[in-house]
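Feature list (source: Swiss-Prot):
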TOPO_DOM  1-17  topological domain 'Cytoplasmic'
TRANSMEM  18-38  transmembrane segment
TOPO_DOM  39-58  topological domain 'Extracellular'
TRANSMEM  59-79  transmembrane segment
TOPO_DOM  80-102  topological domain 'Cytoplasmic'
TRANSMEM  103-123  transmembrane segment
TOPO_DOM  124-132  topological domain 'Extracellular'
TRANSMEM  133-153  transmembrane segment
TOPO_DOM  154-672  topological domain 'Cytoplasmic'
ACT_SITE  Ser443  active site, charge relay system
ACT_SITE  Asp495  active site, charge relay system
MOD_RES   Ser570  phosphoserine
MOD_RES   Ser574  phosphoserine
MOD_RES   Ser579  phosphoserine
MOD_RES   Ser583  phosphoserine
MOD_RES   Ser584  phosphoserine
Amino acid sequence: MPGMVLFGRRWAIASDDLVFPGFFELVVRVLWWIGILTLYLMHRGKLDCAGGALLSSYLIVLMILLAVVICTVSAIMCVSMRGTICNPGPRKSMSKLLYIRLALFFPEMVWASLGAAWVADGVQCDRTVVNGIIATVVVSWIIIAATVVSIIIVFDPLGGKMAPYSSAGPSHLDSHDSSQLLNGLKTAATSVWETRIKLLCCCIGKDDHTRVAFSSTAELFSTYFSDTDLVPSDIAAGLALLHQQQDNIRNNQEPAQVVCHAPGSSQEADLDAELENCHHYMQFAAAAYGWPLYIYRNPLTGLCRIGGDCCRSRTTDYDLVGGDQLNCHFGSILHTTGLQYRDFIHVSFHDKVYELPFLVALDHRKESVVVAVRGTMSLQDVLTDLSAESEVLDVECEVQDRLAHKGISQAARYVYQRLINDGILSQAFSIAPEYRLVIVGHSLGGGAAALLATMLRAAYPQVRCYAFSPPRGLWSKALQEYSQSFIVSLVLGKDVIPRLSVTNLEDLKRRILRVVAHCNKPKYKILLHGLWYELFGGNPNNLPTELDGGDQEVLTQPLLGEQSLLTRWSPAYSFSSDSPLDSSPKYPPLYPPGRIIHLQEEGASGRFGCCSAAHYSAKWSHEAEFSKILIGPKMLTDHMPDILMRALDSVVSDRAACVSCPAQGVSSVDVA
């Protein structure tokens, strides 16, 4: 950090990123040099054949060339190990070394070509020597090809626009010019991100919704990354440091922060009842994912169980529309929910941007009409997730501030129109008019379910919603408070999605910058220690030491790079640890739905939960407990529906077996 400037443009790699690539190349080159030297010493007496003098010269020059490359790579590696992320001064000679290293590729290419030509001419020498030359040529071209691929990966399309301003500084541009430059860079960045997203989603149909989602997602990414000059390894190092810092804070505060109390019997009974409901309705939320999740959960027997359903002809007992392998999907739904064919009213696997698959079924056990909305499982769903602007939710309620996540709001509106306009709910309640309406979903489906329940509440006042691992950035604070009477959310452990919002991502970015600015260890040590800590654990107190107090001014400065300099010129920018997060009108603070049940793992079950059965406690939690993203190896796995289902199985069975335990689930630990 910042990205290096070479050949007049910025690259998405920093001068301290070359330790590990350099070490890998150094090992390959040294082994290669030893092999060539051994080959030459053992067979130099057998090179008196036709063309042998050329091969002898080839091997000698190759060894000299390899020795020069080894020395250059060693120097690059040593220089890259100097300094810290925020102190690139000791690495100022890196650009010259890289120019030398790149220049050495030309004689390597020439020599590899000559070796290939000589071998192709049919040199009549010892076969071992010829095979050694062939191996040398192959290795040379593999390294050259790998270098070309690496250059493509670290190429920054905006590098040519940003590099000229790295030496100009703010003193060379007035506020008007700097504002124009910033707007120009942001426009270019949005265009680049939109091109990337279109390439990634090249197989998605291009309708109006998709084009809007492309633009919305591109603007989100360009806005988020516009005020820093972070390279990917900086983010990885920051996340590693932040994880250790969070664990250290939790360990130090735990004795003072644990508050044990005996809640009222009504509160505990309510928690037990809602946990049982969550345990029951999670089956429907999982069923909405269809056969992929079912096979994933049952890798050995799943395919055999639903194989017959895949080949079975459809019946007329239910509507089954959209998507492929519909009978496979429906077979997995039957096995997951335990319902019969006649219990399903409508099953849709139609999947487009802002249009989510869903199912409607009659649940006779709970006497409810269940609407289950599928979560993220396709690129179309990802684009729906990333359409993070806010729009006013069109609902009939007394709440004034009705802002909601645009993508999820439109997805919920689509399901609402299908349920009402196509008469799906009317059909369901004509069969079971005494049943109540329950809407469920996981992840994106959980957010859509919460919005859908709010839209339907005017027509169905008794509606209930169970949102499993819903995104935090769903709707306004007023709607969050309004929804607590009919929506329950369930969150497992450090799951990142219920903590994910644009505001929280901005907070995470600032915390990463802050912890990186404090650290006085080189990046390669941070990454090595972080990898060890993630895999095997350790003592989080062994954090890299911090900068002296006199260097605290680093925290009030944007980290290096032209875009950071541009934001520094803006009077609206503040990097102070005490400054509030900026709230853009397009991305205001948004909150999770309803009341929240938090499942937390008790004891240790291995770093990834695979060493022994985990046990969980459950408690009601305030939404503020999910106002920061927590880093850890389970922040992604805790979001998986199969992991959540196992956690629910565990906590429900444990609470049922411990009805006489008054302290069940009453501990609360707040982690800053």
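Just so it is clear, glycine is given a Cβ too, placed from its N, Cα and C backbone atoms.
Proximity of distant same-chain residues to the transmembrane segment (133-153), defined by a Cβ-Cβ separation under 8 Å and at least 6 residues beyond the stretch ends, is recorded for 12, 21, 25, 28, 32, 36, 55, 58-59, 62, 105, 108-109, 111-112, 115-116, 118-119. Residue counts for the topological domain 'Cytoplasmic' (1-17) under DSSP, split into helix (H, G, I), strand (E, B) and coil, are 0 helix, 10 strand, 7 coil. A gap of 10 Å separates the Cα atoms of Asp495 (active site, charge relay system) and Ser443 (active site, charge relay system). In terms of DSSP secondary structure, the topological domain 'Cytoplasmic' (80-102) contains 13 helix, 2 strand, 8 coil. Broken down by DSSP into helix, strand and coil, the topological domain 'Extracellular' (124-132) contains 6 helix, 0 strand, 3 coil. Here Ser443 (active site, charge relay system) comes close to Gly375, Thr376, Phe468, Ser469, Pro470, Pro471, Ile497, His639, Pro641: these same-chain residues lie at least six apart in sequence, with C-beta atoms under 8 angstroms from its C-beta. Note on the topological domain 'Extracellular' (124-132): its mean pLDDT in the predicted model is 75.
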